[in-house]
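Novice: TrEMBL lists these features:
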BINDING   169-176, 251-255, 309-312  GTP binding site
COMPBIAS  1-14  compositional bias 'Basic and acidic residues'
COMPBIAS  15-40  compositional bias 'Acidic residues'
COMPBIAS  48-57  compositional bias 'Acidic residues'
DOMAIN    330-343  domain 'SRP54-type proteins GTP-binding'
REGION    1-65  region 'Disordered'
Amino acid sequence: MFDSLKEKLGKFKDDVEEEADEPEPDAEPEDAAVESDGDAADAPAADASEEPDDAGDPEVNPKGDSLTERAKLFASGQAKITEAELEEPLEQLEFALLEGDVEMSVARDIVEQLREELVGTARAQVKTGEIVVEEAIGNALLDVIDVGGMDFDEEIAAHEKPITIIFTGVNGVGKTTTIAKLGKYLDDRGYDVVLANGDTYRAGANEQLQEHADTLDLKLISHEQGGDPAAVIYDAVEYAEANEVDVVLGDTAGRLHTADDLMAQLEKIDRVVGPDMTIFADEAVAGQDATHRAKQFNDAAEIDGVVLTKADADSQGGAAISIAEVTGKPILFLGTGQGYDDLETFDPEVIVERLTE
Ligand SMILES: Nc1nc2c(ncn2[C@@H]2O[C@H](COP(=O)(O)OP(=O)(O)OP(=O)(O)O)[C@@H](O)[C@H]2O)c(=O)[nH]1
């Protein structure tokens, strides 16, 4: 999972460490003078304990001395990584992220945060303490994926029952399978679950969900094909109330005659049923398409979180990295296979650890 993304981040780390490993060979005296005026770019002069006041004074430390000064700082481990040295590795990383289907604004945020965190870091620290670059990468990733934090288990436990969860997303991405997986997940945790088929548009949708319901021994509420999806989910909520069922999991259509029809239908379900939670499902492998769809669906019927399916088949991680920041809503689960238990809670810290280890 996300192997290619991991490789790209690893390459950035190697590139920066390589830069730190070499003295600044082409540091022109003039550059040095300019940098010492810049923001963190040449902070060593200020950090050096000896003669801090004289370091930038041309009388005491004329331009011609600054290379010697730099060599001294390098030897003492106090020299710092400059913005110029990071330029190429950062550019390459941004390109690699875009190539991996990371949304442009997200790739830029990651690169900017890395620049901010790494410029001015002591070279010696980067060279020897591998953890520095790794941590900077981790922080930049966490910043974009740890968004809108919601603990799904806590939310379910704390919420008044029944709790109604609606799933949105286009056809074929694994939405129905995800509902079945989540039904089992909740059933395993002691909740009574009822499924509702709000996809009254697609032929065979009832049978597909019924098959899952039978396998998992869950109740399914469905109407005839062509019926009103809001009515199906409403019925399921009534059933849950009458039978002390804890959770209603409602599927919705992933495609109608037009995208406008689909969005109008979702808005109607929102209005009539007033779901407690709306989860958008899409496939990780769809990359930027998934990110854009998440935004579109969120605009039509506000989502509370995302399930990214088929993460097991996704090496790029573009959607996984982008979707939370673009929608402002957290990824709750990753689908990691076709089995009912192939559902992994999305823990940003664990994901970052996996990507940077
Ligand atoms: N590898 C992998 N396959 C998955 C995952 N989730 C679902 N699938 C497969 O994706 C295919 C489509 O899943 P469905 O649940 O039928 O998709 P859907 O979104 O409901 O699509 P429709 O039923 O057409 O609306 C099935 O073959 C699933 O087994 C996953 O996390 N990993």
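Residue numbers in this text run from 1 along the chain shown.
Backbone N, Cα and C define each Cβ position, glycine as well.
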Novice: Using DSSP, would you call THR252 (GTP binding site) helix, strand or coil?
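Specialist: Where THR252 (GTP binding site) sits, the three-state DSSP reduction gives strand.
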Novice: Which three-state DSSP class does GLY169 (GTP binding site) fall into?
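Specialist: Reduced to three states, the DSSP call for GLY169 (GTP binding site) is coil.
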Novice: Determine the Cβ neighbour count for THR252 (GTP binding site): the number of other Cβ atoms within 10 Å of its Cβ.
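Specialist: Result for THR252 (GTP binding site): 27 other Cβ atoms within 10 Å.
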Novice: Please list, in sequence order, those binding-site residues from GLY172, LYS175, THR252, ARG255 with the Cβ less than 6 Å from ligand 1.
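Specialist: Cβ < 6 Å from ligand 1, in sequence order: GLY172, LYS175.
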Novice: What is the three-state DSSP composition of the compositional bias 'Basic and acidic residues' (1-14), stated as helix, strand and coil residue counts?
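Specialist: The counts are 12 helix, 0 strand, 2 coil.
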Novice: Over the span of the domain 'SRP54-type proteins GTP-binding' (330-343), how high is the average pLDDT in this prediction?
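Specialist: Residues in the domain 'SRP54-type proteins GTP-binding' (330-343) carry a mean pLDDT of 98 in this prediction.
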Novice: Provide the three-state secondary structure of ALA311 (GTP binding site) computed with DSSP.
Specialist: helix
Novice: For a quick check of understanding: among the binding-site residues LYS175, ARG255, which residue's Cβ has the most other Cβ atoms within 10 Å?
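Specialist: Buried the deepest by this measure is LYS175.
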Novice: Quick check on the binding-site residues GLY172, ALA311: which one has the highest count of other Cβ atoms within 10 Å of its Cβ?
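Specialist: Per the Cβ count, the most surrounded site is ALA311.
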Novice: Would you mind pulling the DSSP three-state label for LYS175 (GTP binding site)?
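Specialist: LYS175 (GTP binding site) sits in a helix per DSSP.
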Novice: Of the residues in the domain 'SRP54-type proteins GTP-binding' (330-343), how many are helix, strand and coil by DSSP?
Specialist: 0 helix, 6 strand, 8 coil
